[in-house]
Structures are given as C-alpha cells and as structure tokens.
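First the structure, in the form of structure tokens, and then the observations on it.
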C-alpha cells in the first residue's frame with residue numbers, strides 16, 4: 001500500500017524514491033518541486049587531473065590541505081582554515097510510521113548521512129548544487145579579485161595624477177562638484193550614484209541568469225576582445241595568472257584601507273614618506 005501510494009505521489013510531486021537498504025522494505029523520498037520549464041543542464045566539463053604527488057604547491061610549506069581541496073581547481077593551494085568549502089552533510093531519515101491499524105506509529109530513525117555530490121547540477125533558481133559550496137566561493141573569489149585589481153590600480157593612478165588620495169576623492173566631489181579628468185560633468189553626485197546602481201544592477205541580473213558555472217566566471221566574447229583565451233593550451237595558464245593577481249590585489253587593497261585608517265595617507269604619499 002505504502003509503495004503504491006509513494007509511486008502515485010512521485011508522478012505529482014517529482015519525488016525521487018530509492019531503497020537505502022536493499023531487502024528491508026524501507027524507502028527514502030527527496031522532494032523537488034519545480035515551477036516552470038527547466039533549462040537543460042550544460043554538458044559536464046572535463047575534470048582536471050588531481051595533483052596527488054608530493055610536489056603539490058600549498059599556501060604554507062608543510063601545510064596539509066583538507067580533503068575537499070584536492071588540487072583539482074586552478075589555483076588551489078589548500079587554504080581553508082575555517083572549513084568554509086567543506087561539503088555539507090545531511091541526515092537521512094526513514095519514513096515515519098503511517099499504519100492506521102497500529103495503536104502507535106513511531107518516528108523514522110536516522111539511517112545514514114547524505115553528502116551532496118561534487119557534480120554541479122544547475123536549476124532554474126541557482127547554478128550550483130550547494131549555495132555556499134566551494135564552486136560558489138570560487139566565483140566570489142574571482143569577482144572580488146577583479147574588483148580589487150581595478151580598485152588598486154585606480155587608487156594608485158588617481159593619486160599619482162592628481163595628488164588626491166583615494167579615500168578623499170569623494171570629499172572633493174562633494175565640494176567642487178562631479179568631474180572627470182578635470183572636466184565638469186552635468187550630473188550631481190546623487191545622480192551618478194543612481195546611474196551606477198542601475199547599470200551595475202542590470203549587469204549583475206544578467207550575469208546571474210546564466211546557469212553554466214563556467215560562463216558565469218569566464219563569459220568570454222566582449223570580455224575577451226584580444227582573444228587571449230582562444231588557445232585551450234594557454235587557457236589554464238591565464239586562469240592561474242588571474243587568480244594569483246586577484247589574491248594579490250585583494251591583499252593590497254586591504255593594506256590600502258588599513259593605511260588610510262591609521263595614517264590618513266594614500267599608497268603613493270605613504271610610499272614617499274617611507275622613502276624619506
């Protein structure tokens with residue numbers, strides 16, 4: 001009876017039923033409601049070979065990388081001191097007793113632990129199996145790193161050309177009005193902020209509509225005008241170089257922020273003071 005009912009429900013609610021203990025008659029159900037038409041999942045990417053020899057580069061000499069950082073990701077140096085990238089584990093329960101002929105129905109026991117597969121399975125609502133999984137963290141690392149590279153270069157260039165530290169640039173805009181390369185702009189600072197919010201927000205909405213994890217972080221096309229990624233043999237080298245520069249830029253901008261907070265100087269003026 002229970003099997004027949006579960007089979008009928010599977011066609012309505014999209015339940016996947018499997019037998020966790022063959023021969024015991026127990027069943028397990030995982031509910032997956034779907035709204036609208038699902039996009040087909042992208043073809044699986046060819047996984048990189050895991051570096052399992054003793055010559056693997058790690059973030060600190062002699063450090064032991066955690067098991068979930070196996071070297072398969074580009075730029076993986078085994079650094080995860082807080083275990084943020086550890087795969088989530090879920091308890092697997094048996095069905096509660098629902099026999100109307102019994103005086104008492106007992107709750108289902110814990111029959112095991114489920115760990116999500118490392119294989120990425122996009123859905124219409126999210127591109128990753130785990131919202132806070134290691135693939136999601138890699139995407140965030142790259143995007144923050146790209147912003148940090150732009151910010152670091154901008155902070156140095158602006159101070160070198162104008163003599164105004166990056167943390168004081170907003171004050172100048174409030175006093176003298178908005179300008180670009182010395183030329184006044186016909187917009188107030190508030191208008192410029194709204195323009196930035198709308199433009200960046202639109203770009204982020206478009207990026208988040210992409211379900212292919214590879215295209216989310218490496219879109220190509222207009223973002224590769226020189227066609228540097230056209231050569232598959234050089235692609236991994238370029239990805240490694242980008243993640244290295246991203247990490248360096250994030251550390252550099254953190255130093256810029258601490259420097260501004262404690263000394264009130266920008267990177268160029270602080271370097272000049274240090275040299276003197």
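Every residue, even glycine, has its Cβ placed from backbone N, Cα and C.
What Swiss-Prot annotates here:
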BINDING   59  chlorophyll b 1 binding site
BINDING   79, 141, 247  chlorophyll a 1 binding site
BINDING   144  chlorophyll a 2 binding site
BINDING   181, 242  chlorophyll a 3 binding site
BINDING   204  chlorophyll b 3 binding site
BINDING   207  chlorophyll b 4 binding site
BINDING   245  chlorophyll a 4 binding site
BINDING   259  chlorophyll a 5 binding site
COMPBIAS  36-48  compositional bias 'Basic residues'
REGION    1-53  region 'Disordered'
TRANSIT   1-29  transit peptide
TRANSMEM  147-167  transmembrane segment
TRANSMEM  185-205  transmembrane segment
TRANSMEM  248-268  transmembrane segment
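Candidate binding-site residues: 144, 242, 245. Nearest to residue 207 (chlorophyll b 4 binding site) by Cα distance: 144. Other residues of the chain with a Cβ within 8 Å of the Cβ centroid of 79, 141, 247, the chlorophyll a 1 site, are 75, 77, 145, 243, 246, 250. Site extent for chlorophyll a 1: among the recorded binding residues 79, 141, 247, the largest C-alpha separation is 13 Å. Long-range neighbours of the transmembrane segment (248-268) within the same chain, counting only residues 6 or more positions beyond its ends whose Cβ lies under 8 Å from a Cβ of the stretch, are 144-145, 148-149, 151-152, 155-156, 159-160, 164-168. When Cβ atoms from all protein chains are considered, those within 10 Å of residue 259 (chlorophyll a 5 binding site) total 18, not counting its own. Among the binding-site residues 59, 144, 204, 259, the ones whose Cα sits within 10 Å of the Cα of residue 247 (chlorophyll a 1 binding site) are 144, in sequence order. Within 10 Å of the C-beta of residue 207 (chlorophyll b 4 binding site) we count 14 further C-beta atoms, all protein chains included. Rounded to a whole value, the Cα-Cα separation of the residue listed as 'chlorophyll b 1 binding site' and residue 245 (chlorophyll a 4 binding site) is 15 Å. Sequence-distant neighbours of residue 79 (chlorophyll a 1 binding site): residues of the same chain at least 6 apart with a C-beta under 8 Å from its C-beta are 58, 59, 63, 69. In this structure, of the binding-site residues 141, 204, 242, the smallest number of CB atoms within 10 A of the CB marks 204. Sequence-distant contacts (6 or more apart, same chain, Cβ under 8 Å) of the residue listed as 'chlorophyll a 4 binding site' comprise 145, 149. Taking the Cβ of residue 144 (chlorophyll a 2 binding site) as centre and 10 Å as the limit, one finds 15 other Cβ atoms among all the protein chains shown. Residue 259 (chlorophyll a 5 binding site) sits 20 Å from residue 144 (chlorophyll a 2 binding site), taking the C-alpha atoms as the reference points.
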